[in-house]
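Noted in Swiss-Prot for the protein shown:
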type     : residues                                                                       : note
BINDING  : ILE625, GLY626, ALA627, GLY628, GLU629, PHE630, GLY631, GLU632, VAL633, LYS651 : ATP binding site
DOMAIN   : 303-413                                                                        : domain 'Fibronectin type-III 1'
DOMAIN   : 414-528                                                                        : domain 'Fibronectin type-III 2'
DOMAIN   : 619-882                                                                        : domain 'Protein kinase'
DOMAIN   : 911-975                                                                        : domain 'SAM'
TOPO_DOM : 1-541                                                                          : topological domain 'Extracellular'
TOPO_DOM : 563-984                                                                        : topological domain 'Cytoplasmic'
Amino acid sequence: ETLMDTRTATAELGWTANPPSGWEEVSGYDENLNTIRTYQVCNVFEPNQNNWLLTTFINRRGAHRIYTEMRFTVRDCSSLPNVPGSCKETFNLYYYETDSVIATKKSAFWTEAPYLKVDTIAADESFSQVDFGGRLMKGXXXXXXXXXXXXXXXXXXXXXXXXXXXXXXXXXFFKKCPSVVQNFAIFPETMTGAESTSLVTARGTCIPNAEEVDVPIKLYCNGDGEWMVPIGRCTCKAGYEPENNVACRACPAGTFKASQGAGLCARCPPNSRSSAEASPLCACRNGYFRADLDPPTAACTSVPSGPRNVISIVNETSIILEWNPPRETGGRDDVTYNIVCKKCRADRRACSRCDDNVEFVPRQLGLTETRVFISSLWAHTPYTFEIQAVNGVSNKSPFPPQHVSVNITTNQAAPSTVPIMHQVSATMRSITLSWPQPEQPNGIILDYELRYYEKLSRICTPDVSGTVGSRPAADHNEYNSSVARSQTNTARLEGLRPGMVYVVQVRARTVAGYGKYSGKMCFQTLTDDDYKSELREQLPLIAGSAAAGVVFIVSLVAISIVCSRKRAYSKEVVYSDKLQHYSTGRGSPGMKIYIDPFTYEDPNEAVREFAKEIDVSFVKIEEVIGAGEFGEVYKGRLKLPGKREIYVAIKTLKAGYSEKQRRDFLSEASIMGQFDHPNIIRLEGVVTKSRPVMIITEFMENGALDSFLRQNDGQFTVIQLVGMLRGIAAGMKYLAEMNYVHRDLAARNILVNSNLVCKVSDFGLSRYLQDDTSDPTYTSSLGGKIPVRWTAPEAIAYRKFTSASDVWSYGIVMWEVMSFGERPYWDMSNQDVINAIEQDYRLPPPMDCPAALHQLMLDCWQKDRNTRPRLAEIVNTLDKMIRNPASLKTVATITAVPSQPLLDRSIPDFTAFTSVEDWLSAVKMSQYRDNFLSAGFTSLQLVAQMTSEDLLRIGVTLAGHQKKILNSIQSMRVQMSQSPTSMA
């Protein structure tokens, strides 16, 4: 950059000459005939010449190195005549650094001392007189460089000693590297260094919309004002592309650039868009998504449609599901499948997630195949399976995965394995064993089969001592096994040899057959020495017991005499009522006898003795499922330490209760806690140390038997219904053996679990303690509440409740089961029911009821309670029916029992009906009213012509309902043919 150039001057230069007669400023012309200002001197003929010429003040403007360029002419000394020997053809160039003006016309210093010599200037060519005469300046050019340190300016001085010279032009300038954009970084103009070899570092900054890649960003400026050695660089950031390598331009709408770099903007991938400039990413359109691992350059994809064409193959309690892939994969190739399993109630109105026991092969989630095998399901249970199709973007969608559902109901299956056996006692010749019910009975357990044999070696396994062992090695005696059967979960193996080890296995049987045998367990009979030792240990106890027995008998005789005398004067009904709860019948030897909690002076003591206290923190209440006498009933979960979580039913005592109500509420737990039978509802425990007070029992998925049967009218076979009745009878037999009288046996008080196992429940006494006139089921009688339709006549008339009166109630339950939950005695009043029974009328057989079952009902309804069958006999009779299903094929009719008058409700009087609605109501099929009317069957004449195909067409699909309606239509036709004009 030029600091001074005399060629551009249009006025006097104003330099300082010394002496004044030395250098003279004159005008001249350059080679191009341009006017220029020059200085000349030629005092060669005068001695001692020392002519100085000093430039004006030159501002260096930060330059570290200043260059001077001079154009001049020098006279050839030889062309001058008589020139003295001091004539020279050179002159000297000096410079001086200063911060201010150092010379004027009046003052200056003219010695070499303060100046720094740049060079002695000599011309390449000197000129003669002729050349110089035309004032056309031709001459030589000389360039010199001077380094400037810290001063702000410099002055140049030319000293001519006895020379004839003219300074045609003088220029001072410096070099710099210009501002430049390189590698998308801008570098400022930079002065060269003080030395010609200097490299000056210049820091760069990224241009707008560019970002550093390598740091630091710098260039080097060399002494010639040239950039060199680039280090570091910038590139255009995401959303911008390079333009001519000097700028970063925003990506237009509809394009994007995902990352920093030299790449160009690209069009948005399919199913995406960018509505603004400089987009680093194209947003997916509605309904389309990117997976977390999808690059921005990938197309947006959607979720798959649901699987298609599901095929289900049910095999007892397992199922195979197969399906076709979805029609739409969403544009992806990572489709997998999830299986959602839901276990439902019989009416499918409520479903819940399957428990963790259900097994899926190969897996439940993330299936890549279109097939899954599902096992360990419950028998006779409706299930809904959802097959979800998912892909890499399904988790991005706000909607649940597309799926296809399939409803299935599992079949009857054999029971699961009995988990373990325990030895109750042993003698020299026998072993008494017990075992829990299989975890999955898959129906009603009919009986158990035990297989046992004598082990040749007395050693079972090294880690087993005493009575219980695990699987022993194979034994040749195994092929000579003996078999025993038991109708309960206890058995006594007799006829054994003393001191021998026996290997025992057990399996359960339902109507579906036998389950698998349990693992082999080892048990040992007593040796003669063992028996004698045990006898010696028990002898003092036996003697003491005998003595106590004598005292007890004497006391009992004395008490009996006193009580018999008092009985003549006492008519206390309540006491005798309580007494019958535990003093009826005779218990078997060694059988535990029921103890009435109301005989305790402190009823809370009975609760503590018979019911386990549960910490409320182990209980989780989920939803209300009903209401009881004392409060609401909930479904919940119970997780006891060391045990798996189970569903439970939770009865609560409402707030504001009295102490009497609390005692009455907990009395049911005191009763239930004494029972342990697979057909009796199981008490888990009570919560009495916090509020609300709770009774916790096992949860029965299908609820009360009467409503369950009504919901599944016609859906069960006769053998299944008999299996249910057998379970109820087994539970009642157990209660009778405990000397407990239920008093309120009815289908509404039988609960059904998911395996169709029926369990007797409702042991509360609230109905005797509260007079709720809103419930017509119970009628006041002698100060108590009695369910008339289910109660034996002697109990209604005299409050004589015994196990025999429970047998009468059991006969009514049989009728309820075989009629699929119909109300006993239909819409007759309680008084009409009492009158009919007194006149020896009995209920007729339900539709399609086997004659053998109806006969058993009639046996239960014998007026003389002593002639009714015992509950043990009923269990045996039902077992025979189950073993011989052919005995159930004969269907009972009203005319088949001429000796017993029956209430006749099987053929209603159709002449009394005025509409189809009345007729449907009479046959308990009102739910099909709209089906009949919308299909055009608006009169009884049209209904009488209907066929089974017509019923299917209008939506009557249940086989039991079809049969009931067709039987009624057949009877209607008979009455119409007998009285053709009697019906409108």
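Cβ coordinates are placed from backbone N, Cα and C, and glycine is handled just like the others.
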Checklist outcome for this item: Cβ density check for ILE625 (ATP binding site), other Cβ within 10 Å (all protein chains) comes to 15
Item to check | Packing count at VAL633 (ATP binding site) (other Cβ atoms within 10 Å of its Cβ) | outcome: 16
Checklist entry - Excluding ILE625, GLY626, ALA627, GLY628, GLU629, PHE630, GLY631, GLU632, VAL633, LYS651, which residues of the same chain place their Cβ within 8 Å of the centroid of the Cβ atoms of the recorded ATP site? => result THR652
Checklist outcome for this item: Looking only at the domain 'Fibronectin type-III 1' (303-413), mean pLDDT returns 91
Checklist entry - Under DSSP, is ALA627 (ATP binding site) helix, strand or coil? => result strand
Item to check | Counts by DSSP class (helix H/G/I, strand E/B, coil) across the domain 'Fibronectin type-III 2' (414-528) | outcome: 6 helix, 42 strand, 67 coil
Checklist entry - Largest pairwise Cα distance, Å, within the listed ATP binders ILE625, GLY626, ALA627, GLY628, GLU629, PHE630, GLY631, GLU632, VAL633, LYS651? => result 14
Next on the checklist: Give me the DSSP three-state residue breakdown of the domain 'SAM' (911-975), ordered helix, strand, coil.
Outcome noted: 46 helix, 0 strand, 19 coil
